[in-house]
Amino acid sequence: MKILEANAGPLTNFEVLDFLRSKGAAKDPTRVLAKVAPSEYKVYDYLNQTPASYQTREAIIEFVDKSKKYDLAKAEILNIVNLRPITPVEIFPIIEESDVRMGDDGIQELTKMVEQVFPASQSTSVVAPKECKEAEAMEKEEGVGGADEETMVTT
Amino acid sequence: MFYLSRIEHTLRVPPSMLHLPILDAIKGELEKLFLDKVVAKLGLCISVYDIRSVDGGFIFPSDGAATYKVVFTLIVFRPYAGEIIIGKVKESDANGLRISLGFFEDIYVPIHLLPSPSEFKPDPKNGGKRRWVWDYDGQPYDIYETDEIKFRIHSIDYPAIPVDQQPNESNSKFQMEEQPKENVNVKPFAPMVVTATIDYDGLGPVSWWDGSGDADADAEAEAEEDS
């Protein structure tokens with residue numbers, strides 16, 4: 001065995017999860033039929049608990065674009081994508097000397113941006129009520145629309 | 001955390017794989033050889049990502065198998081120093097914490113990389129089982145087993161495979177019984193050992209920093225019990 005290139009490029013958690021999904025890890029509930037090794041399923045299970053499980057390729061590209069102005073190192077960007085920090089205290093360990101480099105406002109702005117680019121998954125309770133309200137509002141609008149139509153018909 | 005690594009390997013494909021298309025056969029053999037194994041200085045092999053080139057197919061004299069020179073890409077798990085990862089506490093003992101990621105469990109937090117001052121105290125709620133407690137301005141913060149914990153990679157070691165045999169034990173039954181007592185704390189060999197730290201703002205059990213605080217968590221637990 002010869003190592004030609006130890007580092008041919010880092011991967012985000014999402015990319016590894018995407019690769020395992022493309023091998024059929026998500027589709028086979030029995031975990032026997034798909035050509036996925038038991039060790040790969042362990043990785044899949046771990047990554048499914050991380051924010052990578054609801055990220056998309058577009059969102060990550062968007063984040064990398066938007067994070068350019070903060071002058072972050074590649075490793076820091078990778079870490080933010082993997083962890084999805086949405087409070088300043090989560091940023092502190094990831095970005096070295098974050099208070100000197102970005103200031104408190106910069107950190108706040110970054111957490112807001114992270115939350116906006118990588119919205120929380122459907123299952124978390126933070127987002128769900130808002131969506132319910134939106135859905136109700138939609139229904140109401142439809143209801144109103146329907147009423148209008150009825151009045152149209154009756155007139 | 002994960003990297004792609006390009007590797008060249010001279011691979012023997014046994015004749016039992018001849019019924020498969022060549023790439024499938026090679027991929028299967030590579031997976032058998034590399035998956036879930038640690039390559040020194042490279043990391044833990046997760047998956048075969050792609051096969052770049054296949055050369056040869058030479059059959060050596062007196063060997064009934066074709067040997068190919070394969071260039072392929074692996075997905076490897078190799079954390080870098082300074083990276084932040086979330087895992088679960090697997091066990092805690094007097095030497096510190098052991099953390100598991102599910103697929104990799106040789107992550108250790110030694111005492112000097114725990115937040116100071118930390119103490120290893122018995123837990124009255126849990127049958128006197130001992131756990132680490134961080135004493136922050138008189139406020140105790142516990143690290144329970146099975147806690148989700150955020151840690152920073154301090155260093156990665158690839159210990160050499162131990163080739164020395166254990167010193168010969170005498171055959172007398174009496175001494176055999178005494179011997180294991182000394183070896184009770186010997187860890188099984190691990191090819192990749194990650195040392196991590198949780199001594200920094202924002203590191204440690206996730207529940208320390210999520211803003212809810214212990215009081216809230218307790219209140220929630222009580223509410224759940226009531227309902």
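Quick reminder: no glycine exception, Cβ is built from N, Cα and C everywhere.
Here is what TrEMBL says about this protein:
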- B:8-64: domain 'RNA polymerase Rpb7-like N-terminal' (DOMAIN)
- B:83-209: domain 'RNA polymerase III subunit Rpc25' (DOMAIN)
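For the domain 'RNA polymerase III subunit Rpc25' (B:83-209), the model's average pLDDT works out to 81. Summarised by DSSP class, the composition of the domain 'RNA polymerase Rpb7-like N-terminal' (B:8-64) is 16 helix, 25 strand, 16 coil.
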